[in-house]
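Student: Quick one: structure below, then a few questions.
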Amino acid sequence: MKTVTVKDLVIGTGAPKIIVSLMAKDIARVKSEALAYREADFDILEWRVDHFADLSNVESVMAAAKILRETMPEKPLLFTFRSAKEGGEQAISTEAYIALNRAAIDSGLVDMIDLELFTGDDQVKEAVACAHAHDVKVVMSNHDFHKTPEAEEIIARLRKMQSFNADIPKIALMPQSTSDVLTLLAATLEMQEQYADRPIITMSMAKTGVISRLAGEVFGSAATFGAVKKASAPGQISVNDLRTVLTILHQA
């Protein structure tokens, strides 16, 4: 299986990489939070742009991206607008969503973008091609905050992302029971062993699913999300605790 290298970070080998989400509402808070995050132990900075209030002003969005790039130049920067239908803060049109991601790609300020699988097949394929033309990696994602589908469906979605040339397919699902967590882990393992030719990221959310955020190296998930301050999704634990557990499992 091939790995994905962003800056000096190799994703898809060794212990799962830690992603943290920054969710500031304006440029001043982007700056102050970036300074606070700089001291934390993580691998990838995800900027959750759906929390940014001045979204209609692309110049303002890119000014904030520039602050993040300058504050943490060594950290890979993942640009993510999470749609309302997949658990994000704001709803925008598909056209606006694609335009925002295109602006991020063209800016040269971001290393990776998050593209939601169910945005529309043609739009997703075009955005992936655009990203790759600018040497920007694509995390293609799907989130369900209500349920966990059958393992076959989980695998089908991850394989579809792979077929759309995503660099890293990602899926996050809400368990209604502990057996749902096992379904997610079994699907991850089957995907990793039988179909994946690149790193994947999977997680089961909430307290019930916490084990999935810790056991990625065992089952085949290449990265996990931790919290520096406020968690961006239910079930995230602090980056310090996360690094400790990931290291213990890696060295065992």
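Even glycines carry a Cβ here, placed using N, Cα and C.
These came from Swiss-Prot, pasted as-is:
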BINDING   SER21, GLU46, TRP47, ARG48, ARG82, ARG213, SER232, GLN236  3-dehydroquinate binding site
ACT_SITE  HIS143  active site, proton donor/acceptor
ACT_SITE  LYS170  active site, schiff-base intermediate with substrate
Student: Roughly how many Å separate the Cα of GLU46 (3-dehydroquinate binding site) from that of LYS170 (active site, schiff-base intermediate with substrate), to the nearest whole number?
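Tutor: About 14 Å separates the two Cα atoms.
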Student: Report, in whole Å, the straight Cα-to-Cα distance of the residue listed as 'active site, schiff-base intermediate with substrate' from SER21 (3-dehydroquinate binding site).
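Tutor: For SER21 (3-dehydroquinate binding site) versus the residue listed as 'active site, schiff-base intermediate with substrate', the Cα atoms are 15 Å apart.
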Student: Write down the Cα-Cα distance for the residue listed as 'active site, proton donor/acceptor' and ARG82 (3-dehydroquinate binding site), rounded and given in Å.
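Tutor: Counting only the Cα atoms, the answer is 9 Å.
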Student: Go through HIS143, LYS170, ARG213, the listed recorded positions, and name the one with the sparsest Cβ surroundings, counting other Cβ atoms within 10 Å.
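Tutor: If we count Cβ atoms within 10 Å for the recorded positions HIS143, LYS170, ARG213, the smallest count is at HIS143.
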Student: Using DSSP with the three-state reduction, classify GLU46 (3-dehydroquinate binding site) as helix, strand or coil.
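Tutor: DSSP assigns GLU46 (3-dehydroquinate binding site) to strand.
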Student: Under a three-state reduction of DSSP output, how is ARG82 (3-dehydroquinate binding site) classified: helix, strand, or coil?
Tutor: coil
Student: Quick one: which of these recorded positions, TRP47, LYS170, GLN236, have their CA within 10 A of HIS143 (active site, proton donor/acceptor)?
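Tutor: Taking TRP47, LYS170, GLN236 one by one, the ones whose Cα falls within 10 Å of HIS143 (active site, proton donor/acceptor) are LYS170.
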